[in-house]
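J.: Pulled these features from TrEMBL for this protein:
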TRANSMEM  20-42  transmembrane segment
DOMAIN    28-160  domain 'Tripartite ATP-independent periplasmic transporters DctQ component'
TRANSMEM  54-70  transmembrane segment
TRANSMEM  91-112  transmembrane segment
TRANSMEM  140-158  transmembrane segment
Amino acid sequence: MVEHERTGWVDAFTWRFSRLAMILPAVIVAIMFYEVLMRYVFERPTLWVNEASLWMGGMVYLFSGLYAMQQRSHIRIFILYDVVPLPLRRLFDIVSMFCVIIFCFAVIWGGFGEAWAKMMRWERFGTAWDPPIPATMKPLILFTLFVVTVQAVSNLIMDWNRPPEHLDITDEVDINIEEIKRAQAEAAAEAENPLKRIKH
């Protein structure tokens, strides 16, 4: 995959978080391997690996969504988007941005009180290790949604004067289908003419 170029300070900020999202799965795999080793080889299971992997997995999920927004990887109906003129595309982009803003604002507005309360009382997970997952993840969700909103606005501003991109219809799947059809046609032609097959 070719990454979308970084444009502006918002992209630079998002890019740094995305690198954390790319590293954390390897850390999760490493600590899970450590847990299996400790539990089944040394018979000394850990208290912290399960909760730590949940904690980091939640961060990966959040930061990946932020990275997808920076890369313009969210779903767009190209069959409609590519056939309309540029002014209508810009209107679609504006409507899309406002949908993101409204959704993020609604979640932040509805979740702020609970996130603030969990953070202020430093709510813990309620297990033997008892990490402060609720106290950190709830505010992190709202912070990430705020950055997603800023990223959506930044994308619109940075992409406003760029030439429009077209989705190439002959993508990898179409090429594979054409190759299969060609191979089937050749096999059918050989089956019809057995003398040609003997000569080869």
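Even glycines carry a Cβ here, placed using N, Cα and C.
Explain the structural surroundings of these features, please.
T.: Cβ atoms under 8 Å from those of the transmembrane segment (20-42) belong to residues 49-50, 52-53, 56-57, 59-60, 63-64, 66-67 of the same chain, restricted to positions at least 6 beyond its ends.
Counting same-chain residues at least six beyond the ends of the transmembrane segment (91-112), those with a Cβ under 8 angstroms from any Cβ of the stretch are 69, 76, 81, 84, 138, 141-142, 145-146, 148-149, 152-153, 155-156, 159.
Among residues of the same chain six or more beyond the transmembrane segment (140-158), those with a C-beta under 8 A of the stretch's C-beta atoms are 7-8, 10-11, 13-14, 17, 58-59, 62-63, 65-66, 69-70, 72, 93-94, 96-97, 100-101, 104-105, 107-108, 111-112, 115.
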J.: Taking residues 6+ outside the transmembrane segment (54-70), which of them lie with a CB under 8 Å of any CB in it?
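T.: Apart from its flanks, the transmembrane segment (54-70) reaches 4, 6, 10-11, 14-15, 17-18, 20-21, 24-25, 27-28, 100, 131, 133, 136-137, 140-141, 144, 147-148, 151-152, 155.
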